[in-house]
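Here is the structure we will look at.
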Amino acid sequence: MTSLIAFLFTVLVIVSSVHCRMTTASTPGYGIKQEDRLCIQGQEGTKLCSSGTSRDCLNFCLIRGYAGGSCYAYTLDQCCCRIPPPKLK
């Protein structure tokens, strides 16, 4: 009888701990939130990165109100602007 009560108590603790994980307001769910980006398509996007630095891309994005910009090799050296996170109320 004691073993049964101990077993049920253990199961109850495990089940309740799985359902009670807290999440943050800015990133609901689990894992790491990937950064939101807008990549400039076509020749304009590659032209901004053709100098070998991200300076032109960064200036392009900042002037247009984005949080920043970088050249990414996995998008064929395209300029990608970082979208600022939404403001929390």
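For all residues, glycine too, the Cβ spot is worked out from N, Cα and C.
Listed in Swiss-Prot for this protein:
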DISULFID  CYS39-CYS81  disulfide bond
DISULFID  CYS49-CYS71  disulfide bond
DISULFID  CYS57-CYS79  disulfide bond
DISULFID  CYS61-CYS80  disulfide bond
SIGNAL    1-20  signal peptide
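If you draw a 10 Å sphere around the CB of CYS80 (disulfide bond), it holds 24 other CB atoms from the protein chains shown. In the three-state DSSP classification, CYS49 (disulfide bond) falls within coil.
Among the disulfide-bonded residues CYS39, CYS61, CYS79, CYS81, the ones whose Cα sits within 10 Å of the Cα of CYS49 (disulfide bond) are CYS79.
Checked against CYS81 (disulfide bond) by C-alpha proximity, the disulfide-bonded residues CYS57, CYS61, CYS71 yield CYS61 as the nearest.
Long-range neighbours of CYS61 (disulfide bond) (same chain, six or more residues apart, CB within less than 8 Å of its CB): ALA67, GLY68, GLY69, CYS79, CYS81, ARG82.
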